[in-house]
Amino acid sequence: MRDYYEILGVTRTIDEAGLKSAFRKLAMEHHPDRNGGCENAAGRFKEINEAYSVLSDPQKRAAYDRFGHAGVNGPQGGPGGFGGQGFDASDIFNDVFGDVFGEMFGGGRRQSNAPQRGQDLRYDLEITLEQAYAGAEVEITVPAAMTCEVCEGSGAKPGTSPSVCGTCGGAGRVRATQGFFAVERGCPRCGGSGRLVLDPCSNCHGHGQVRRERILSVRIPAGVDDGARIRLAGEGDAGARGGPRGDLYIFLSVTPHELFERDGLDLLCTVPVPMTTAALGGEIDAPCLLGGESCDGECKVKVHVPEGAQTGKTVRLKGKGMPSLRSRQRGDLVVELFVETPTHLSARQKELMRELAGLCGEKQNPKSANFVGKAKRFWEEVTGS
């Protein structure tokens, strides 16, 4: 199999614009309609299209550059592999030449007046970290196109029927000749439907659909992360001419929490610790999210503070983080300690602090003593004394 870059006559460093220009030139030169249906031209044209379909797709091009034809000729010819299956020259021509030339390829195969699937819809939903942690059932209101209940989707007034378009004869497409090309395009009179509604339905005004708001219940699974997507099949817009409904895609956004940050399945939380507790050791309460067995029904959990704890020390509580979507695993709650210096001291408290300071030395403050020693050596090196 020939190298795709060689087929298009370009180097491996060519940019997108150069690639498109090279393809356009070769496609026009080798198009079968310009070569009297020559089999060699048809084969060359197919080869050019295949090469461009891979190199114009960043992911496929990266796979091809790394693995060659093996990287794009997957067994299914699907995402990540071209393989020649599912290839439609009209998709490429629409991209490069526009609709006029794109409609020439496969246009006759596409039945504009056939049942059409409804549009997919997107709904952005904000949820709390608590809802992401425990799961939730949320009601949303979604506007969507519904089949008109009066005309049952025909667009025509009850008791009447749409007429066949006289321009396209019901095909939904018309054919015209432009230079070397025989071009098919959507019928301008009926809009490609092949039918004309002469007496429109008063409820949908001839569209066959009306827009309505629907209330849907959405189940948020425990453990979802920010940016997760939920698909509700058949909850999108109604299809045209009896086609199936589209799907509804719900994109989740988890609002920032005032206490917790999420890191994968772990929850991170900074908790202030009294100076005395940090020095002597002890226990403090840390917040945790309610749900399951992680906090035993409480919204706080006991954290052991080791003697001499410093700011920035972390304590990891196993299994008290977020649940996993795909297993029974749970993350951890990671508590970062922040040693709090007391303020607004009374005279007696200040006196005791001074007394404590006089009793503390290098043994009690090893980091301070180490820092002083380093600073002293630095000063001696600078001054030469």
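Using the three backbone atoms N, Cα and C, a Cβ is placed for every residue, glycine included.
In Swiss-Prot this protein carries:
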type    : residues               : note
BINDING : C148, C151, C201, C204 : Zn(2+) 1 binding site
BINDING : C165, C168, C187, C190 : Zn(2+) 2 binding site
DOMAIN  : 3-68                   : domain 'J'
REPEAT  : 148-155                : repeat 'CXXCXGXG motif'
REPEAT  : 165-172                : repeat 'CXXCXGXG motif'
REPEAT  : 187-194                : repeat 'CXXCXGXG motif'
REPEAT  : 201-208                : repeat 'CXXCXGXG motif'
ZN_FING : 135-213                : zinc finger
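A map of Swiss-Prot features onto the structure.
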| residue | record | Cβ neighbours (10 Å) |
| --- | --- | --- |
| C148 | Zn(2+) 1 binding site | 20 |
| C151 | Zn(2+) 1 binding site | 26 |
| C165 | Zn(2+) 2 binding site | 21 |
| C168 | Zn(2+) 2 binding site | 22 |
| C187 | Zn(2+) 2 binding site | 22 |
| C190 | Zn(2+) 2 binding site | 25 |
| C201 | Zn(2+) 1 binding site | 22 |
| C204 | Zn(2+) 1 binding site | 23 |
Over the span of the zinc finger (135-213), how high is the average pLDDT in this prediction? 88
Quick one: which residues besides C148, C151, C201, C204 have a Cβ within 8 Å of the Zn(2+) 1 site's Cβ centroid, in sequence order? E149, V150, E152, G153, S154, G155, A156, P200, S202, N203, H205, G206, H207, G208, Q209, V210
C187 (Zn(2+) 2 binding site) to C151 (Zn(2+) 1 binding site), Cα to Cα, whole Å, comes out at 24
Secondary structure of the repeat 'CXXCXGXG motif' (165-172) by DSSP, residue by residue, totals 0 helix, 0 strand, 8 coil
Given the Zn(2+) 2 site C165, C168, C187, C190, its other Cβ neighbours within 8 Å of the Cβ centroid, in chain order, are G166, T167, G169, G170, A171, G172, R173, V174, P188, R189, G191, G192, S193, G194, R195, L196
Distance, C204 (Zn(2+) 1 binding site) to C168 (Zn(2+) 2 binding site) (CA atoms, angstrom): 25
May I have the DSSP-based helix, strand and coil counts for the residues of the repeat 'CXXCXGXG motif' (187-194)? 0 helix, 0 strand, 8 coil
Residue pair C190 (Zn(2+) 2 binding site), C204 (Zn(2+) 1 binding site) - Cα distance, angstrom, rounded: 17
So how many of the residues in the zinc finger (135-213) end up helix, strand or coil by DSSP? 0 helix, 35 strand, 44 coil
